[in-house]
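See below for the structure under consideration.
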Amino acid sequence: MPLELTQSRVQKIWVPVDHRPSLPRSCGPKLTNSPTVIVMVGLPARGKTYISKKLTRYLNWIGVPTKVFNVGEYRREAVKQYSSYNFFRPDNEEAMRVRKQCALAALRDVKSYLTKEGGQIAVFDATNTTRERRHMILHFAKENDFKAFFIESVCDDPTVVASNIMEVKISSPDYKDCNSAEAMDDFMKRINCYEASYQPLDPDKCDRDLSFIKVIDVGRRFLVNRVQDHIQSRIVYYLMNIHVQPRTIYLCRHGENEYNVQGKIGGDSGLSSRGKKFANALSKFVEEQNLKDLRVWTSQLKSTIQTAEALRLPYEQWKALNEIDAGVCEELTYEEIRDTYPEEYALREQDKYYYRYPTGESYQDLVQRLEPVIMELERQENVLVICHQAVLRCLLAYFLDKSAEEMPYLKCPLHTVLKLTPVAYGCRVESIYLNVESVSTHRERSEAVKIQHFASVVRPSSYTELDFLSVESAKQDAKKGPNPLMRRNSVTPLASPEPTKKPRINSFEEHVASTSAALPSCLPPEVPTQLPGQPLLGKACLRTVCHIFSKFSPY
């Protein structure tokens, strides 16, 4: 008699963490891509404004529209004359009312920025030390369908706090008529006023359902709680890579190479005689700086490697530091590009940041490729980066907080070292020319681009309504994003896998001729290689090629 299979009943065992049920991860705004309000939390002189400005610079650089709203500036606008720390006493009811009104005014501007001005992230930079204030901000975010992400900076090291006060606070407008000792004393008393009512974020009880990161002792430790989305995870990743230790970053281009002399773009040519002189001059410059544990980074192209070889120091090659891929325009001069690819030339002049070379890259692509380099630069101390013009522009735009519109036109001359020293809320730049002559590869922004002339050469029927594009309209287009005329090359990866040589095909006739030559015995007799009376173009060419390969494909 066959045995009957039986299955025991599954029992569920519930182990509650506490008496209050946890909120689901999906609670909050209904839209996945809702704008985000980043809420700073912490006592004064804990680096909140430093984090706000640095994070905003990074987010804008990667293409996420972000703006800081500093409540202290609203307070200084409302109260023209700062008297003393008494303004921040918790028992000063009139001052408390003014401070709350300033916070509400800042939140109104946050709402306007995120709903009307195209912003994606607003950084609400204030102390926000009480739960009452944070609940008010949470209610504001929920009411407007915004996500809220808190960043709390905690630091109990008196040396760090005193350093922050001396470097930043005593030079603020509040203390313009005070000496350093008076300013330090008043600010310490201001901190004491906040400490009396400070309620830190509590991940175990009161604030367990909030999304936040707690930065402890200037990045020594981190506590992350309930990250909601991709952008918040990128913010966490960025904050975990930055540090405040003194260091110097040196940026320079390779020495002049043979293609620079010939006016060609891209390629992988070696140094010219003047380029080799620069490499030797750079070696002497580095020795004079007497830097401890200097790291040297180069691209994988000859010119940067040959420049680094002269330093007689260990160096690392980064593929991410390779020059922008010019696709079919590699190893051409700008005059040759204008004559061979007139439409591409016009489109690039029209919008240099978003324009992508056919089978190549755009500046926007390059920024995405360089993000890991930026993360590693933020982690390092003294570094020398030897790279290329477009790459240097992208790196410089990050450190100097330049917009996407300005980035492709930053001047980065050959044989010049840019010395970057991080300061309180930015970066100090020194340009050091090493006294070796070179050609100039900088091209100024065009005042106007005559699209109709160039486009009519290729597609006369498509652009009959276009006139001159002025600089002002180009600026507006850059703010809005990629131009609608842009050919996006969606089949091309953002970063080309290797800087390999690509065969250039100037016309469909050349393509068909090469295809016919490659397959002389494979063409079916019923398929013509050229339509009667005209060259094989467009869909006709596509149908022909598809027909050929469908007939002779083994699959």
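Keep in mind that glycine also has a Cβ here, set from the backbone N, Cα and C atoms.
Beta-D-fructose 6-phosphate binding, as stated in Swiss-Prot, involves Arg75, Thr127, Arg133, Lys169, Arg190, Tyr194; the candidate among Arg99, Arg220, Arg221, Arg226 given for that site is Arg99.
For the binding-site residues shown (Arg75, Arg133, Arg253, Arg348), fewest C-beta neighbours within 10 angstroms: Arg133.
Listed in sequence order, the binding-site residues from Gly42, Arg348, Tyr363, Tyr425 having a Cα within 10 Å of the Cα of Thr127 (beta-D-fructose 6-phosphate binding site) are Gly42. Closest in space to Tyr50 (ATP binding site), of the binding-site residues given as Arg75, Arg99, Arg348, Tyr363, is Arg75, taking the CA atom of each residue. Across the fold, the C-alpha of Ala390 (ATP binding site) and the C-alpha of Arg133 (beta-D-fructose 6-phosphate binding site) stand 45 Å from each other. Of the candidate binding-site residues, Gly42, Arg348, Arg393, the one lying closest to Arg99 (beta-D-fructose 6-phosphate binding site) when CA atoms are compared is Gly42.
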